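Taken from Swiss-Prot, the feature active site, nucleophile applies to Cys50, supported by sequence analysis. Residues or ranges marked as substrate binding site in Swiss-Prot: Thr49, Cys50, Asn51, Arg52, Ser109, Glu114, Gly115, Gln116, Gln120. According to Swiss-Prot, the feature NADP(+) binding site maps to Gly189, Ala190, Gly191, Arg192, Met193, Ala194, an assignment based on sequence analysis. The feature site 'Important for activity' is assigned by Swiss-Prot to His99.
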Amino acid sequence: MFIAVVGLSHRTAPVEIRERLSIAEAEVGETIQQLRTHPHIEEAAILSTCNRLEVYIVTSEMESGVRQTMQFLAELKGIPLPQLRPHLFTLLYQDAVTHLMRVAAGLDSLVLGEGQILSQVKKAQQLGQACNGMDRILNRLFKAAITAGKRVRTETEIGTGAMSISSAAVELALQEQGSLSQGKVTVVGAGRMARLLVQHLLAKGAVDITVVNRSLERAEALAKQFEQPIQVLPWESLLNSVAESNLVFTSTGATQPILNYQQLAGVLQPDQPLLLVDISVPRNIDPDVEKLKGVQVFNVDHLSRIVEENRAQRQKLALAAEALVEEEVDQFMEWWRSLETVPTISSLRHKVESIREQEMEKALSRLGKDFAEKHLEVIDALTRGIVNKILHDPMVQLRAKRDIEARRAAMRILQELFNLDPVVFQAQQER
């Protein structure tokens, strides 16, 4: 079996492409099940965030599995593969393993060291498990990646004071406007990103903040988390609130734009200054809004200027994090390499155990019933101990071989010397 990841991220694709390939949380399970109907796709998991869509697969045929995954993504979203392929990346074997662990550790994020990605990796594992998309290998891989992410956050300082998408968005608005204490700010959405937006806005001096959300109850719950007064409005008041604001942030899970040129043209004054910062993928603000005079629109791809300033300061901290990730990669790879040896080791142990039982039965029959009953446990433990000690070193050495060809050569020798057929043995065990 082989591990691969096919995907795109803020490094390979602009937001216009990322939003087209975005997969909503409610659609992940069904999407994985569809992918697993393809030949050669044994396991699958999907990590979908505002800055990346990554499909992790375990495949019996590497080339076919990767090709099928690429074609599946193109057909899923109705994007011709030749148009999509330049934005996709593919990583195989250990490179795929290392990539997921770096992602979970925040080392591949737009904002270096940001913490939200770890919870998103955990969610990807939960969704993959819920639809039976993940089995032994991907479960182990995601568990190892989550461990790597946790270690990086607890054993290094890369997460201390790290920016988030939300804090970078507020910083960008502050640089554009000079001050956040004047005028009204509207935050559209009431999820985690919206909560962080409000938190950072208050920290940067904003005093007149309104939260608008489809669920008024969720918006009220968000507002109650802060001591400062936060106004809450129902969804029907969205356009009025935007028209009264000089700064608007959007952070919702909507799959279509919630603000467009026609809507805003109907409520804004001619040349009314308005700064819109959209941190959602798919985008909440239609690109045609930029045609309005006086209106500035920023999306997640515009945060790079802010992020790079923060990244340069944090690059030294990343070195220690990379070392921890490498340790977790080595541990996973050692386990993964050992999987190939399991059928050979199991068939060898089964054969030797059968011989032990047969020979012990012969010996006990010659020793007589009374002796056998009296000393059965001792003789059984003795022979079992001898067998285990004889097999111990060969098994350890076989599992420990890092070179693939050397390990396979050793397995072939064992199979030939002991007349083993691991494939037949495994089939018998599965009956």
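Even glycines carry a Cβ here, placed using N, Cα and C.
Remember, it's a predicted structure, so these values are computed and weren't measured experimentally.
The NADP(+) site is defined by Gly189, Ala190, Gly191, Arg192, Met193, Ala194, and by the 8 Å test on Cβ atoms against their centroid, the other residues of the chain that qualify are Arg195, Leu196, Leu197, Leu222, Ser251, Thr252. Cα-Cα distance from Gly189 (NADP(+) binding site) to Gly115 (substrate binding site): 20 Å (rounded to the nearest whole number). According to its DSSP assignment, Thr49 (substrate binding site) is in a strand. Recorded residues His99 (site 'Important for activity') and Arg192 (NADP(+) binding site) have their alpha carbons 25 Å apart, per Cα-Cα distance.
When the Cα of Asn51 (substrate binding site) is compared against those of the binding-site residues Gly191, Met193, Ala194, the shortest separation belongs to Met193. Excluding the listed site residues Thr49, Cys50, Asn51, Arg52, Ser109, Glu114, Gly115, Gln116, Gln120, the same chain places Gly106, Leu110, Val111, Ile117, Ile165 with Cβ atoms within 8 Å of the centre of the substrate site Cβ atoms. When the recorded positions Cys50, Ala190, Gly191, Ala194 are compared by Cα distance to Gln120 (substrate binding site), the shortest distance belongs to Cys50. Counting in whole angstrom, Cys50 (active site, nucleophile) lies 14 from Gly191 (NADP(+) binding site) by their C-alpha atoms. Between the CA atoms of Ala190 (NADP(+) binding site) and Thr49 (substrate binding site) there is a gap of 17 Å, rounded to the nearest whole number. The separation of Gly115 (substrate binding site) from Gly191 (NADP(+) binding site), Cα to Cα, is 16 Å.
Other Cβ atoms within 10 Å of the Cβ of Thr49 (substrate binding site) number 22 in total over all chains. Across the residues the record lists as binding substrate (Thr49, Cys50, Asn51, Arg52, Ser109, Glu114, Gly115, Gln116, Gln120), the two Cα atoms farthest apart are 15 Å from each other. A Cα-Cα distance of 12 Å separates Gly115 (substrate binding site) from Met193 (NADP(+) binding site). Within the same chain, residues at least six positions away from Ser109 (substrate binding site) with a Cβ under 8 Å of its Cβ are Asn51, Val103, Ile117. Under the three-state DSSP scheme, Ser109 (substrate binding site) falls in the coil class.
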